[in-house]
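J.: Got a structure for you, questions after.
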Amino acid sequence: MMKSSSLVFLLSQILVLQQLAVFCASQDFDFFYFVLQWPGAYCDTKQSCCYPTTGKPAADFGIHGLWPNYNDGSYPSNCDNSNSFNPSSISSIKRQLQSEWPTLACPSGDGNKFWGHEWDKHGTCSEDILDQPGYFQAGLKLKQQTDLLGALQNAGINPNGKFYSQTSITKAIRDSIGITPGLECNVDASGNSQLYQIYICVDTSATNLIECPVLPRGKCSSRIEFPIF
Ligand code: AMP
Ligand code: AMP
């Protein structure tokens, strides 16, 4: 028969271990937003843009980031300043990132500053699931899984400076990838609402597309311009 004092000790140890397990498995978010960006809408604003040092990106959606999020719409950021971006960790996929995850900020850069910002701000919040190369690889893989430009073009929605209804854009993407995307608009230099970013929700393993637990408030009008790039 165990003495009650050793039983109390044992129970307290179990509690400590449990807390430690919760702490270590700190996958502290509910889903990812995979955010794609139309370069034409980044560049034709009042603020303008700078093409990367590698040249003008293709006329396709580029990756903005993979953002851990909570079901209530809030999100964690800058979760681990001891694990900051290390450019050599992505050297083997740098060319792919330059074409699929292009920087457009000024002055022109090779991408490391933008990727570093995304890793430090968002990637560190899912570091238990994706390490640095894993985070960027996951973005590239998701981009392959979701041909948004193809989806829109199949539905007759082209980046030609014309206006399309928000419902038709949403439907074209849902018909192609099976889930409802979030749309974000910004305004061009003459004040028109235009398609800027598309949010696709992904489960915490960063592999499966899911219906969004919460859609971002995207500031789109009912009719949206799809600008030329
Ligand atoms: P900007 O691109 O300057 O408008 O900055 C907005 C930034 O806020 C985004 O790029 C994200 O880094 C962050 N952000 C806004 N909403 C979310 C969200 N729901 N989840 C994660 N990050 C977000
Ligand atoms: P968010 O904080 O991801 O994580 O990013 C928001 C910041 O990234 C804002 O300052 C944006 O202006 C900037 N940003 C958004 N898209 C790009 C891009 N394609 N290249 C470089 N910076 C960008």
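Every residue, even glycine, has its Cβ placed from backbone N, Cα and C.
Just lifted these from TrEMBL, have a look:
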type	residues	note
SIGNAL	1-26	signal peptide
ACT_SITE	H64	active site
ACT_SITE	E118	active site
ACT_SITE	H122	active site
J.: Including all protein chains displayed, how many Cβ atoms other than that of E118 (active site) lie within 10 Å of its Cβ?
T.: 21
J.: Please give me the CB contact count at 10 A for H64 (active site), counting all chains in the structure.
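T.: Summing over all protein chains shown, H64 (active site) has 23 other Cβ atoms within 10 Å.
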J.: Measure the Cβ-based neighbour count of H122 (active site), defined as the other Cβ atoms within 10 Å of its Cβ.
T.: 25
J.: Measuring Cα to Cα, how many Å separate E118 (active site) from H64 (active site)?
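T.: Rounded to a whole number, the Cα-Cα distance is 8 Å.
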J.: Using DSSP reduced to three states, classify H122 (active site) as helix, strand or coil.
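T.: SS state of H122 (active site) = coil.
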